[in-house]
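Engineer: Provided herewith is a single structure, encoded as structure tokens, for subsequent inquiry.
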Amino acid sequence: MGHEWINAEQEFKWSEDVKVESEVTEIVLVRHGETTWNAAGRIQGQIESELNEVGQKQAVAIAERLGKEARPVAVYSSDLKRAKDTALMIAKTCFCSEVTEVPDLKERHVGSLLGLYWTEGAEKEPEAYSAFFSSQNDLEIPGGGESFDQLCERSMNALEQIAKKHKGERVIVVTHGGVLRAIYLSITQASSAGKLLNASVNVVHLRDQKWSIDSWSDVSHLSSVGFLQRGFDGDAKV
């Protein structure tokens, strides 16, 4: 599924100052802008929620930043609206004619935690809350939720498929905090991914079939806009 518009690319001269090495595939991973539920501290999972005013400004700020960097050949997004709206802004600024939706880039299914406030999860759904933060990665969240292993598998498969189509090229992928955490931990085998901030830039490289982290959780472009300091932290209980 794509979103298209007419652009004035023929009138735009792209800077050639920064190029991706021909043998390296560069994927710029972006977390969507802030939503009404992010600001309220509610658990979104795969439910739709709108970018709030700050989130819209963040989408503009990240689009302006990426528009000044090496041109991407494509923009991909989760099929959830908060990611798509962020991706559309980026694509337009980067003169990419469409956004390609990838359902496997959507946020983790959080089962019976969906819609709860983070602060009430432990009391109202203790089993699901415990499963979400469990170090037992094959444990599914009660209420139809995914295990962390399932999230990692679909997230990395989606990333691999995108990289396969764009060998030696630069692409932008807009997704969610849970997916970013899954990708980071899958690549690094670290014990924690830290905070995943709204509208952050996270760059990964694929070289000789090996993934590496180039930069992570960069929000330098948000200095005049602001962001939620707490971000998404799937490693620590609220």
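Residue numbers in this text run from 1 along the chain shown.
Cβ coordinates come from backbone N, Cα and C, glycine included.
Automatic prediction, not curation, is the source of TrEMBL annotations.
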Engineer: For the substrate site that TrEMBL assigns to Arg31, His32, Gly33, Glu34, Thr35, Thr36, Trp37, Asn38, which of Arg65, Arg71, Arg82 is also named?
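Structural biologist: Answer per TrEMBL: Arg82.
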Engineer: Using all protein chains in view, find how many other C-beta atoms are within 10 Å of the C-beta of Thr35 (substrate binding site).
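Structural biologist: That number is 22.
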Engineer: Which state, by DSSP, holds Gly33 (substrate binding site): helix, strand or coil?
Structural biologist: coil
Engineer: For Trp37 (substrate binding site), what is the tally of other C-beta atoms lying within 10 angstroms of its C-beta?
Structural biologist: 19
